[in-house]
Structures are given as C-alpha cells and as structure tokens.
Amino acid sequence: MSFEQELNIAKEAVRKASLLCAAAQHGLIDSEKHDKADKSPVTVADYGAQALVLSSLATAFPEDPAVGEEDSSDLRKPENAELFSKVVEYAQKIDSELDADSVLAAIDRGNHEGGSTGRFWTLDPIDGTKGFLRGEQYAVALALIENGEVVLGVLGCPNLPVDPANPNSEKGCILYAVKGEGAFQAPLSDIGTGKSISTDSVSDPAKAVFCESVESGHTAHGRSAQITEALGTAVEPFRMDSQCKYAAVSRGQASVYLRLPTRPGYEEKIWDHAAGYIVLLEAGGKICDTLGSPLDFSIGRTLKENKGIVATSPRVYEPVVKAVVASGQ
Ligand SMILES: Nc1ncnc2c1ncn2[C@@H]1O[C@H](COP(=O)(O)O)[C@@H](O)[C@H]1OP(=O)(O)O
Ligand SMILES: [Mg+2]
Ligand SMILES: [Mg+2]
Ligand SMILES: [Mg+2]
C-alpha cells in the first residue's frame, strides 16, 4: 500500500482533532468564539484542531509544508487573550506536550501557498463552522497534495451516524482514501476497522437524492431547485453543513452534491474540497465544477480556475452536469 505511514498519521491526527471539536461543541460559550476579519466565525475548536493536526504532521513529516485555513494573528492580539488561553487549554487536554508557544507555531505551519510542485498537506480544522455552532454537522478535513494532485484524504465527521440507514446509530465517522486504493469508513471510536464504501448506482436522475449546503450564502438554493425540477424530481436537495456532503455521496446516502456559486468573485478554497474530493473519487464518484471543468488543486490556496462544484455517483454524472451547465450562471 502506498502512503501507509502518511495515512496512519493523518487518521490519528484527525481522530484527535475530532475529539477536541466534539468536547468543545457542547456548551461552547461566547468567549470561545470570534469573528474573523471577513466576518466568518472561528472558535477555540478551529484553532485547537489546527494546532493538534499540524503539530502531529510537523513531528512525523518535518519537511512537508501545509495549507491551513486558520492563522494565529488574531490569537496573538491582547484583546483575544482569553480566547487564546482556552485554545491552549483544549489542545493540552488532548496533547499534554503542547504549550502556548507550540500551539501558535503549529497553527502558523499552515501558511504555505500551495502550487503545482512537491507535496504539501491541506487542512480545514473545522469545515462547516456555522454547522458546528448550530450543533449540527461539521468535518475535520485533511488531504495530501503531490505535484498538484490530491493523493490522500481523511474526513473526520464527529456528528455523522456510522450507519447511513440509521440516524440513531453511533455518531462519529472517519472516511479516508488513498489514490488508486478505494475509499473506507470506520467509526471514530475504532479507526483501525475500515470498511470499503461506494457510491450508489442510481442511473435515473429523477430518482437521484440531492444534497447542498444549509447556508444560502454558500450555494444558490433557488438554482438547485430549478435543476432538480428540470431533471424530473420534485424533491428538493436535503441540506447539510460541511464536507459531510462528500461523505453522504461517497457512501450512497445521496447521489449528488451541488455547490452553485452565489457571488461572482468567490474562489472555493482547496481545504474545503481536497479531502472530500479524493474520498468521493475513490468511492466511485465523479466531480467537476458547474461549467463541467475538472477541479484544479495545483494553482495555490484556492480553486480559482473553477466555479462551484458538482459531485455525483457515476451513472447520473452526465445528465446532472448537463442540467447544471444548461441552468447557466
Ligand atoms: N460565498 C461562498 N460560497 C461558497 N462557500 C463559501 C462562501 N463563503 C464561505 N464559504 C465556505 O463554505 C464552507 C462551508 O460550506 P457549507 O456551507 O457547505 O458547510 C466554509 O468553509 C466557508 O468558508 P469560510 O471558512 O471562509 O466561512
Ligand atoms: Mg471558516
Ligand atoms: Mg471550510
Ligand atoms: Mg474551517
């Protein structure tokens, strides 16, 4: 198996970060969250999870850079001292060797610019922070990119039921994939017991189950309703936060994940898609943007050459992409 050490380290790092997030989600108080300069929310758990994952990677692969969503600039400001001390407290509960300086240094290992040569990791310590704050779905998303291609991905989904058919089953899944080797899921409580997962085999797009973001600012809900109608289904997409949507398609719980641009200038970030992308491809799925173009992870921290996302099980791919392209901008 290729990337065996990378996969083991990545799974364990995501497991630990997921534990931190789950511990923080219950009873999160105002002093444990903050608005970034772009007005998007960040919490002690986003920072703590980035510190845990990037410090594990620094120990195992000191030469590998990382593209992480968060940086420490706000945590270093005197007015955020309380937030910062909570981050250190949460991180130390999982890894007692971390201290204030090593937490800051680990977070700032995420400052790489990405690109088309060599290898680097990309991390979204909490994807779907808005879902996390609502007590709903979120994901810890980690991927390895080599010469511009995603080669490994791990998704920690602490609130996702292990059995897609049973919403009351144990919650907490890890999904992972290495390029060319299939996709797997294990309970977060026992990450050594992965079972192979695959997309559904629905071929009639009228029977396809669609999913999309909860946030109307992240995807155009009205346009997806038009697309499902054009494909012959009156059922609107079900809504879920984060890269758990890639998990849903990868394990046959949904057939299609649509992410339809809401504003012209928005560039999707590589950490919002890389892990879900490789898990989905290895589970048998297909993916492109809303113009039908392949996703390009080789040009920096964003997917600036792409517009939105269309991710599907294989047999509905062509009709769904055709309907999305026909639905225009
Ligand atoms: N205008 C936008 N279009 C698409 N995605 C967005 C937009 N603004 C923020 N996001 C990102 O959507 C992701 C959450 O997706 P979902 O709604 O599917 O859970 C977050 O990573 C968030 O980034 P950010 O971290 O900057 O808030
Ligand atoms: Mg964010
Ligand atoms: Mg995100
Ligand atoms: Mg995030």
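Cβ from N, Cα, C; glycine included.
Curation does not apply to TrEMBL; its annotations are automatic.
The structure displayed is predicted, hence computed values, not measured ones.
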Candidate sharing the Mg(2+) site with D124, I126, D127, D272 (per TrEMBL), from E69, E181, E212, E215:
E69
For Mg(2+), what surrounds E69, D124, I126, D127, D272 with a Cβ no more than 8 Å from their Cβ centroid?
D46, L123, P125, G128, T129, A139, A141, S242, Q243, K269, W271
Between the binding-site residues E69, D124, D127, where is the Cβ count within 10 Å the lowest?
E69
Helix, strand or coil: which one is E69 (Mg(2+) binding site) in, per DSSP?
coil
Suppose we draw a 10 Å sphere around the Cβ of I126 (Mg(2+) binding site). How many other Cβ atoms does it contain, all chains included?
33
Filter the candidate list E69, D124, I126, D127, D272 of binding-site residues, keeping only entries whose CB is under 6 Å from an atom of ligand 4.
E69, D124, I126, D127
